[in-house]
Amino acid sequence: MTRASSFRLDATSGKARTGVIQTPRGDIRTPAFMPVGTAATVKAMMPESVAATGADILLGNTYHLMLRPTAERIANLGGLHSFMNWDKPILTDSGGFQVMSLADLRKLTEEGVTFRSHIDGSKHLLSPERSMEIQKLLGSDIVMCFDECPALPADRKALDDSMRLSMRWAARSKEAFGDRPGYALFGIQQGGLEEDLREESAKALREIGFDGYAVGGLAVGEGQAAMFGCLDFAPDQLPTDKPRYLMGVGKPDDIVGAVKRGIDMMDCVLPSRSGRTGQAWTRRGQVNIKNARHADDPRPLDEDCTCPACRNYSRAYLHHVFRAQEMISGMLLTWHNLHYYQELMQTMRDAIAANDFAGFEARFHADRAEGDIVPL
């Protein structure tokens, strides 16, 4: 990484890795899960509450922040950390995925992507240079290069063309990023599910040189089996002495499978989005708190969980406030889900340090196979 930032690999267990990404704003223990703060907030959570779950780093969305309140406004107000009251590291995505999935009337050229805002219809150009400028204005600690993320399935020619465009954009991103001591720039591997295209992409990224490397273009509709098939080779194509980031993943079993295959970092809106829709994640799997079976249940979501929702509230209460559409429902379930995710990451870090990831994985799947506790 650039000066004052580094990656230290501490232990391995099979392909699973544990270590520390050291940044001027603090250490990021890996494997790490990054809660998503789309619009400079993790929905339904105070920043100090997110930190209390054990999160070392948040993710911010370049596309959303450039449109509202604008990167220039955030910079004038002291940068994203100050703006959202988060003093730990922040990673920002490049905006490419959201442009291709959310924006209206988009046009893709060699220069970048011209699009109209989904908010007010205003016209914008997002290019490698503009993405680097926006992320610098935001002041994020880890910056992602600008790429195109094609939806799967896609034919080979489309994947090949897209990958080559992303590699040209990666080189432009690196040049535009410049020399920024203490800040890191990650490249993004593309190539769909094709091993040779992934290798060609990884080779191009290695030649450019980045502080970390993401496996991009997965979790876009291909299904878990296909994703794991790709992860059986894609992380191995990336440098071993740099962090590896799987973008947009995911469910707990996706995360465990990714770590097993050598991934160090992940992000996903799932734990917070699920919390707002009455879904809780526990070591036994998913709990739908809206179901009538919970209406008279005095037990916690998970008797072994130490989050505020499990320490202080019953399933009956959580069922009631969700059915009554009270704001505290989303707050408590989101806190629980983020706490569960961070506990999962810590358990994996401990297992890797003890060279027992296989044992952890067996226990993880055995717990989930039991299913939720029996109704009263």
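Any Cβ shown, glycine's included, is placed from N, Cα and C.
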Check: Which residue of H118, H124, H336, H365 does Swiss-Prot report at the same Zn(2+) site as C305, C307, C310?
Finding: H336
Checklist line | Swiss-Prot substrate site partner of D93, S94, G95, G96, F97, D147, Q190, selected from G121, G209, G212, G217 | finding: G217
Note to self: I need the neighbours of the substrate site defined by D93, S94, G95, G96, F97, D147, Q190, G217. Which other residues of that chain put their C-beta within 8 angstroms of the C-beta centroid, in sequence order?
What the structure shows: M100, M144, F146, E148, C149, S166, I188, G216, M247
Next item on the list: Out of G95, G96, G217, give me whichever of these binding-site residues has the highest number of other Cβ atoms within 10 Å.
Entry: G217
Next item on the list: Under 8 Å Cβ to Cβ from H336 (Zn(2+) binding site), same chain, six or more residues apart: give me those in sequence order, or none if nothing qualifies.
Entry: G275, A280, W281, L301, D302, C305, C307, P308, A309, C310
Next item on the list: List, in sequence order, the residues of the same chain other than C305, C307, C310, H336 whose Cβ lies within 8 Å of the centroid of the Cβ atoms of the recorded Zn(2+) site.
Entry: P300, L301, D302, T306, P308, A309, R311, W335, H339, Y340
